């Protein structure tokens, strides 16, 4: 797989959009001039509040929605024009799984496999069995999909995306509805897939999940791309926050302010604020010299969540 | 970029299996005929001839005769007691105004919209089944259902007729008698003709289906259109339009029971169905290939 990727390998982006725009018939601008670039081999976290245009973007990339402006390239080929050649190399889970409730889990996969023109009918059964095994559903394969739990449906949807070896996996909220155990399994599956050489494009509302598995990330807000880069860059970009625990908060606040700490807030014995550039150890020395008794002192690294909130500026589930 | 034309199935992929379209079609058939609803529809259609047969048997058990063809439809029912084969024609004539087309309307209306509503459409499209090919598979399946529905009525009627009434030489509407074998052959041809008569409605249903994400709405619209057209077809003041309404020549199948066969209306029916299929088939294609799949 890794070899094939290298051969197919334009070194460029697996997903690339230039000014991609979608204005719905009602006039609503869902995606506004999006320039997205997903490097080959990355695990790419696609973030944004609900209603920020993530799903519309994913649907445009996969040829389900016709863009009203701009261009999108998938695996180096234009979409939706080259869909028939590109999409067999792409596995997708879009807005949750969709299944035929009256068919068994196995029959569902047979159906989806039959819809892929590049899938050899002679090896269909083996392919389906392998996919079922990979997501841990072999035991429930004969059960009607209607009787599946949400987590099992999610796994079956993933199995459909994994019927073939894929160069790119587009996974929209893949851990939705799973228990913590299932989430861990999916996360390790994503890492496994990435190690096999697939690029994984992951949208999730669980920020710590993105932080754990993703190498790169992009944030959307109001249909626009707010930022994109590696997860490390992103976290580093935001300054950490200084927290001091002390029985003398009043005196401590005075000293810290004197030494350039801004946006200071006090909650009982705990103070927090944005530290000035430089070594925070100096601040500690200053506190101790001023006779402030310090119980705890530290700079908390900014999490992706801090970055996210600072970029989108509002609660997670609020669409603008 | 201004490449706005929907080129959903441009150059074909190099590794496409030649039998793939067959596989997709098979998968479509399986999904349609394994649905509980489809089986229920076929069950209702099979029950009609049994009911008619039993009713005729009970009505005539005291030696009396039955309905002397008061309606405008062909008077097959009075012949049933002489020859069980006539139950086939009676049943087809009885189910044609509503039961048969309603079943077709339900299956055709649900074909695309039902998958869109359930979300399975998006997965078929990113598989990628290809919009044109998927629609083609859907159309073929709906046509197969038209045939299956008609044959269900015909076979159920044949079995009931053979069980309850005598069989033998068949007296045609023109008075000539033909062998039971030839009668059976003509019955088969009539079933195919009735199925072909449903194609226009099937294409109409598929078009409606490609416009919406709600299977129920598409089914209701298609069946509603059917009823409306049937009513229009019954209003004598509108008889100038009647030859253009798809159910107008439905009962022309009776002309196959004349000797010589009277082909005029049969051909008009086939031509009309071909026209409807072409018009609404293309409309369905245009709507489906340019549509945003948002469900």
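Here the Cβ of each residue, glycine as well, is placed from N, Cα and C on the backbone.
TrEMBL labels come from automatic prediction, so no person has curated them.
TrEMBL lists B:36-56 (among others) with the feature transmembrane segment. If one looks beyond the transmembrane segment (B:36-56) by at least 6 residues along the same chain, the residues whose Cβ comes under 8 Å of a Cβ in the stretch are 66, 77, 80-81, 87-88, 90-91, 94-95, 99-100, 103, 106-107, 110, 145, 148-149, 152-153, 155-157, 160-161, 163-165.
Remote same-chain partners of the transmembrane segment (B:85-113), defined as residues 6 or more beyond its termini with a Cβ less than 8 Å from a stretch Cβ, comprise 32, 37-38, 41-42, 44-45, 48-49, 52-53, 56, 73-74, 76-77, 79, 121, 135, 138, 141-142, 145-146, 149-150, 153-154, 156-158, 160-161, 164-165, 167, 170, 180, 183-184, 187, 190-191, 194, 197-198, 201-206, 208-215, 217-223, 225-226, 230, 247, 250-251, 253-254, 257, 284, 288. Feature annotation from TrEMBL assigns transmembrane segment to B:85-113 (among others).
Counting same-chain residues at least six beyond the ends of the transmembrane segment (B:134-165), those with a Cβ under 8 angstroms from any Cβ of the stretch are 21, 24-25, 28-29, 32-33, 38, 41-42, 45-50, 52-54, 56-57, 80-88, 90-92, 95, 100, 103-104, 107-108, 111-112, 124-125, 187-188, 190-192, 194-196, 198-199, 202-203, 205-206, 210, 281, 284-285, 288-289. The transmembrane segment annotation in TrEMBL covers B:134-165 (among others).
Summarising the annotation, TrEMBL assigns transmembrane segment to B:185-208 (among others).
Tertiary proximity for the transmembrane segment (B:215-235) is limited to same-chain residues at least six positions away from its ends with a CB under 8 Å from its CB atoms, namely 97-98, 101-102, 105-106, 108-110, 112-114, 116-118, 201, 204-205, 208-209, 241-242, 245-248. The transmembrane segment annotation in TrEMBL covers B:215-235 (among others).
Counting residues 6+ beyond its ends, the transmembrane segment (B:270-288) has Cβ neighbours under 8 Å at 112, 131-132, 135, 139, 196-204, 206-207, 209-211, 243-244, 246, 248-249 in the same chain. The feature transmembrane segment is assigned by TrEMBL to B:270-288 (among others).
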